[in-house]
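Data first, discussion second: the structure below is written as structure tokens.
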Amino acid sequence: MSFNLSTWSIKNPVPTLVLFLVLTIMGSISFIKLGIDESPNIDVPVVSVSVAQLGAAPTELETQVTRKIEDAIAGIGNIKHITSTVTDGASMTSIEFALGTNTDRAVNDVRDAVSKIRQDLPEGIEEPIIQRIDFVGGPFVTYTVHSDRLPPAELSWVVDNDIARALLSVPGVGQVQRAGGVDREIRINLDPTRLEALGITADTVNSQIRALNINLPGGRGQIGAGEQSIRFLGSALSVEDLAREEIVLPNGSHARLDTLGTITDGTTELRQMALLNNKPVVAFSVIRSTGSNLVDVEKGVDQKLAELSKNLPGQVKIEKLRTNSRYIKESYDASLESLIIGALLAVFVVWVFLKDLRATLLTAIAIPLSVIPTFAVMQWAGFTLNSMSLLGLALVIGILVDDAIVEIENIVRHLRMGKAPLPAAIEAAEEIGLAVIATTMTIVVVFVPVAAMGGIPGQFFKQFGLTVTVAVLFSLLVARMITPMLAAYLMKRLPPEAETVTHKPRGLMRLYFPLLEQAMKHRLLTVILSVILFAASIALFKAMPTSLMANVDRGEVLLNVELPPGTELTETEKVVRKVTEIIRPQPEVVDVVGFVGTPTSSKRNSAGNQGDVTRATVYISLKPRHERKRTQQQFEEAVRPLLNAVSGARLSFSRSSGLSGKPLRLVLTSADSELLERTAEEIKDQMRSIDGLYDVTSSAALLRPEILVTPDFDKAARQGVSVASIARTALIATLGDSEANLAKFNLEDRQVNIRVQLAPAYRQDLRVIENLKVRTNSGRLVPLSSVAKVEFGCGPFQIDRFDRQRQVTLESGMEAKITLGQALKKVHDLPGFKNMPSTIVELPLGDAEIQRDIFSGFGTAIASAVMLIYAVLVILFGGFLYPLTIMVSLPLSLCGALLGLVLWKQSIGLYALIGITMLMGLVTKNAILLVEYALLQMREGASQRDAITRAGETRMQPILMTTIAMIAGMLPIAMGIGAGSEARAPMAISVIGGLITSTLFTLVVVPVVFTYIDDFQSFLKRKFWKGNDPDGNSSSLAKLDQIDPLSKDRPAMRN
């Protein structure tokens, strides 16, 4: 005797209720504990190698450092990409490893590889810093710091010391960056005329100050009865003490330091600043670490700042300026709102059809009992409530009631036969068991391949696929256990003639039966028309525009400002102020924040990068969406012409999230840098002619002015001057020593750098630089111009490399009228691309790479899902032929999905592909209900035509109920309610369109195909069963589908 789960639940209600009560309690607790995030955490193993050499030009660093490091690490296993960026004085190489690589081991492997070539690197570099990239994206929250009592340098120190150190102890905080403010520094500005008169160089002065201002251990003393440590305190105690220090001259005499130049207790050279609505401020931003939850990290930061602000000196006040969590919370609220509204609409649809409050409530209870336990599994799996997991739940709301609808509708049908509720529930549940299990498993097998996708897209969709799978499986348990059990004890007995409980759509029946009859009379024509429709769908699919996802209104606009290389900070500041003056009066704007230069990081491991003062980032905070008339994209399109008034700068809107700043990003690589730059410039000029593209930029066109010092080796050798002495003379005089080698001024709580260099007025005169004195081996001083040629020149401002070759990046913004796929096609049709030299390779990075991977992944996932669906149907129906009838519904759903996207002017992107994939499982549900009942009727003796007619009549109501319930559940998403809805809408539109057409085809085309399949099986039986031997053995072909899946001899389903 087989075990029937529904029958057991009906006969044992208490264990069933206790089970779901426990699951509900666990899920409710888990829901409270689950973190809120924008997207799933993706841990990509990345290791960086940072090398600093103060004052080194990018060209020299590339040759002497970057290439050697790249060659050394290239042989390490599991490397996916090697990316290098070389700027003034800094080389940064990032090594991306394959997913799943042990990051700690990768760090050790890189460290070992670099250590082997350390002796081949220049002596003047700082020690290479090798570390794991343990932070995610850019700053997600920014605060301003105010104080009426502290000067800017002390306020900056409070941020760097007190605030940054405290926040780094908060779990999930990866970095704290200060924007604005200054660092305290003792500046010794030497007079070159005075130095020449005394016969001393700036390098010598710097070396003596370093030797004097130092505290060292002095050993251990044993005076008296005790033991004492000896400390050598050589550091000056005040600026006055420093000024009085004696500098030894070459002739043996002495000169006080303050006679060689001016000594000031001041600040470092200003290389970055922050402006809030054009007012200078000191601000700091937080970057979270890998694997952390953004909302939780911000909550921890706010709590720490609240505690810290009570003890900060100078009555420092901290105010939150901007945050990404606002959009995340709004998107989270919108997703929950869509989920709840969808659930209510689905329940309302059930009530409209059943007209019975008890039956409706029994169906509705499936939603919370399926969703809430899912939260427990999500917490156990380490998921968060993010865009993907919440999208999965919102997507399946209409599906969760499907199984319950089928169960309760069948129970009501048995009650109408005059049966008591208990036997009606048992018999109805047993009768519908196969169909319920089959429909659920088709949904499950669709999303298993999605969850198992490889690469970064696979990591992204894992939470989506598993969340949907778990919720659907819980809905199956509810349908097989809770729904029949509650119906057995709560439903009322109905008189046989009662028809008030189930409202038959008689008008639809009058339309349906003539349509079905015509289709059955013209079976071949019906099939031909269906094939033509499917072919047209394929053609439409290929012709439709493709994109990654729709632009989302985040309530914040990011504007990048870039000036020509060589521009000073003051000029960049003027441009940012002009931009603010243009944007600030717009009615949608709340605040305009400008960050000029490179912020100061709490982890000072940026390889000595002195900050790029030619670039700035402007954050424009907009009012909440319901308080403004224009969307974010409309705002950008309206403001863009106004910004043309800003001359001499390259302004481009970017996105506040994503892998690349602009949606269209093309990367060209080649070993021939000159050919690469010429080709990139040609393509860039041609891209500007494409309608729909704007802000086309190329990283190849960035050259900076340089002062080139070229040693004359013959003259230098004759006078006994080394090349290193020439370089160091210029370095110390114009920039000062590297931070690690600077003398330190010791305070109680910190050390302040003492920087020695020429006074600013002298550093601006080329003749002064030419006349800098270099000491020879004999001790004489000779001018720099006597051993080297000093002239103006130019060189690369920044060098980008990808996989050990030079890289040039072409980027562009896109208007709403053009999609990513259309833009890529137009760019690839340009003459520059078609005639591109073979030595230049295009790499689809950024959005183009993501789109390629996602389309490829979903193509594989859909193909796998189709095969798995057929396999499940073969197993459940016990044959190979009848499942083909159900599979016919798959291609016929595509036309509705595509038609819906076309009517709503949507492209095929990430979310549309999710919807199309989901359709693969949804449309089979209706076909299963129809075919399963037709086979049941044939088993009971009905003819083929009568069986399919009765199946249409009996299953039309549950098919319509489940379809309309699913459509109702997705309406809030399709209507674009709440933050982030622009991206999610294509998914719901494609599902709704596919459900509408697939329902029609299921009720018309599937019966026609069913008759063909049944006729073919009858032919096989007549053809091959006659040849059975007296023992009853038959050929292998004769065994094909000889088992009636619903015959009385077939083993009962264990459900």
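Each position is counted from 1, following the chain as shown.
Backbone N, Cα and C define each Cβ position, glycine as well.
Feature annotations, reproduced from TrEMBL:
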- 12-32: transmembrane segment (TRANSMEM)
- 334-354: transmembrane segment (TRANSMEM)
- 361-382: transmembrane segment (TRANSMEM)
- 388-412: transmembrane segment (TRANSMEM)
- 432-452: transmembrane segment (TRANSMEM)
- 464-483: transmembrane segment (TRANSMEM)
- 524-544: transmembrane segment (TRANSMEM)
- 854-877: transmembrane segment (TRANSMEM)
- 884-904: transmembrane segment (TRANSMEM)
- 910-936: transmembrane segment (TRANSMEM)
- 957-981: transmembrane segment (TRANSMEM)
- 987-1013: transmembrane segment (TRANSMEM)
- 1031-1055: region 'Disordered' (REGION)
- 1046-1055: compositional bias 'Basic and acidic residues' (COMPBIAS)
**Q.** Dominant neighbour of the transmembrane segment (464-483) in 334-354, 361-382, 432-452, 854-877, by Cβ pairs under 8 Å
**A.** 432-452
**Q.** Remote residues contacting the transmembrane segment (957-981) - C-beta distance under 8 A, at least 6 residues beyond either end
**A.** 327, 330-331, 333-335, 337-338, 341-343, 345-346, 348-350, 353, 387, 394-395, 397-399, 401-402, 405-406, 409-410, 502, 504-505, 508, 552-555, 625, 922, 925-926, 929-930, 987-989, 991-992, 995-996, 999, 1002-1003
Q. For the transmembrane segment (334-354), which partner among 12-32, 361-382, 854-877, 910-936, 987-1013 gives the most CB pairs under 8 Å?
A. 361-382
Q. When each of 12-32, 361-382, 432-452, 854-877, 987-1013 is checked against the transmembrane segment (910-936) for Cβ pairs under 8 Å, which one has the most?
A. 987-1013
(Q) I need to check the long-range neighbours of the transmembrane segment (361-382): which residues 6 or more away from its ends have a CB within less than 8 Å of a CB in the stretch? (A) 20, 23-24, 26-31, 33-34, 339, 343, 346-347, 350, 354, 389, 393, 397, 400-401, 403-405, 408, 463, 466-467, 470-472, 474-475, 478-479, 482-483, 486-487, 490-491
Q: Could you name the stretch, out of 12-32, 854-877, 987-1013, with the greatest number of CB pairs under 8 A to the transmembrane segment (432-452)?
A: 854-877
